[in-house]
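Trainee: Before I ask anything, let me first share the structure, which is written out below as structure tokens.
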Amino acid sequence: LAIWVGICTAGAARCRNFRAYGFVLAGYTAAMVGLPALAHPEGAFMAAVWRVLEISLGILCSTLISAAILPQSASAAMRNALYQRFGVFALFVTDGLRGRSQREAFEAGNVRFIAEAVGLEGLRSVTVFEDPHMRRRNGRLSRLNSEFMGITTRFNAVHQLLERLRSSAADQVVAAIKPGLQDLAELLDGFSGRALTSADAGRLVTVLSVYKEGLPARVRSLRATFQQSNPSDAEQLDFHTAYELLYRFVDDLHGYAQTHASLADHSHERERWDEPFTPQTNWMAAAASGIRAAFILVVLGSYWVATAWPSGATMTLIAAATVGLSAATPNPKRMAFQMACGTLLGALIGFVEMFFIFPWIDGFPLLCVMLAPVIVLGSFLTSRPQYVGVGLGLLIFFSTGSVPDNLTVYNPYTFINDYIAMVLGMLVCAAAGAIILPPNSRWLWRRLEQDLRGQVVYAISGKLKGLASSFESRTRDLVHQAYGFAAGQPQVQRGLLRWMFVVLEVGHAIIELRKEQAILPVHPAYAESQPWRQSIRVMGRALVRLFLQPNSSNLERALIAVDHAISRVQSTDEPFAPHFDTSALRRVKSYLHFIRTSLLDPQSPLAAFANSQPQGLEHAS
């Protein structure tokens, strides 16, 4: 039983969505059926049958009531979240383009968008079962979430480059870039701070199409004006990189608007989408939850057998339920303790109702009237994030211990013993969560940080098909987990966010480099044996070493490798005009330069390893 509950708890910790409760049910249902069957094995089958019937009836009743009385559907919540999200993002973008965004607001905005991306994926998986209207749009909803993650990464890249230019006093470059940024900011002003309906999305598609078509000519005009001031090679590279990133951002934003507008149609070509959200859970965190659960069951079961306590089975059963319910939370210790408090409250209320109220009432309606206030209180507490554990404990374990059976037995001795067993089982779970591999401790932050850095390795070595979407979702899911585990530790959370920015910047640039190389035309200048392509492969190996083991020497090697790749690209002639929309090498050079500026960003965690800037080509950092 301990092994089975441990496996189910590990599954709940790994899923972290509505599927997690399936693992919880599988775990404590086995305990609920198996423990009483130890004394009466002949009743095991009927106990299992009754358990299935009870759960099915409870789900059916709660579904009917939820649909009939003040219904709140997941599909309505998802539509509202989708509509509101873009208005917040548009305001976030316009502030960043105009240089009004503060570092704290920028980080807080990214945390919000990460939580929304992960949360909307969970909502999407629920609405598929709930609403046929949303089921027909499932592919577009998945695509929309993936594209939103893409545009946030694109804008982060633009924002980070602009901030680095502003902080390095590159006023001439910033002034040359500003007109194009101002045009986009004015375009998005009409959509910022308000809900984006399908009709609004159609208008956004139209205005972005016009802006996107005119952007190459606008860039050439601005570059001609910029070159009249005799900028250095480094300043020109900054100019080209900024507009390459801006063009890619506008292109992705245009695609997002098209997908959003397509939600108005029952069928649409953008429904075809085979790049699902890819969650990334650290296997050690899930295994730790399973080990903790198995240990608790072994300890409590041994105590029950050794003492022959009549309520020992109840203690073991409730511990199995508690450890499963708390496994998917960032802080299982806090959740288990709150559930113990809710159970204690349920015991006090239940004692009064069981022995002073139930004997005086008659019939099912009066029983419902007496139970309703407790259920209302528990539901209210569950709706408050800071008291969700108290509400769960009150609802679940008041119903377990205080709701009368079909043949009611008024036995204060058994009642008190059973509730003592319940509270003790939960307190043991809370203590185990604080002592046995606690998930909110330094060891797990470090593991998740390593996994986060490992996403750069995934961007370099992963299969290119669907790589961008998978990279985006895996990175955000890791940050979302780590940010929750580090609650109350602002320094740790800030460090994780800083790693996220550099991982997204470098990883996304690498994926773009790989895509550019995958679609190169057949020409000697683009051959695999060309020095510039060999130097990019060398740079990839240097970046793998850096992100697997960040230190000063690996950072220096990576910067030298990037410098060498840029010099090889600059010395290569190609048969096309040197414009960013026609020249593959210009785009490659822009991405390489962006990788270099990311590695040298003074706000990056890699800045701690930058003892001195390596000698090499002149580049603006």
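Backbone N, Cα and C atoms are what each Cβ position is placed from, and that goes for glycine too.
No curator has checked TrEMBL annotations; they are predicted automatically.
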Trainee: Select from 168-187, 388-407, 508-527 the stretch of residues annotated by TrEMBL as transmembrane segment.
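Mentor: Range annotated as transmembrane segment by TrEMBL: 388-407.
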Trainee: Of the listed stretches (20-39, 283-306, 336-358, 388-407, 419-437), which one yields the highest count of Cβ-Cβ distances below 8 Å with the transmembrane segment (45-70)?
Mentor: 20-39
Trainee: Out of 312-329, 336-358, 364-381, 419-437, which stretch touches the transmembrane segment (20-39) the most, going by CB pairs under 8 Å?
Mentor: 312-329
Trainee: Taking a Cβ cut-off under 8 Å, which residues six or more beyond the ends of the transmembrane segment (336-358) line up next to it in the same chain?
Mentor: 318, 322-323, 325-326, 367, 370-371, 374, 378, 381, 387-398, 401-402, 404, 408, 410, 412, 415-416, 419, 422-423, 426-427, 429-430, 433
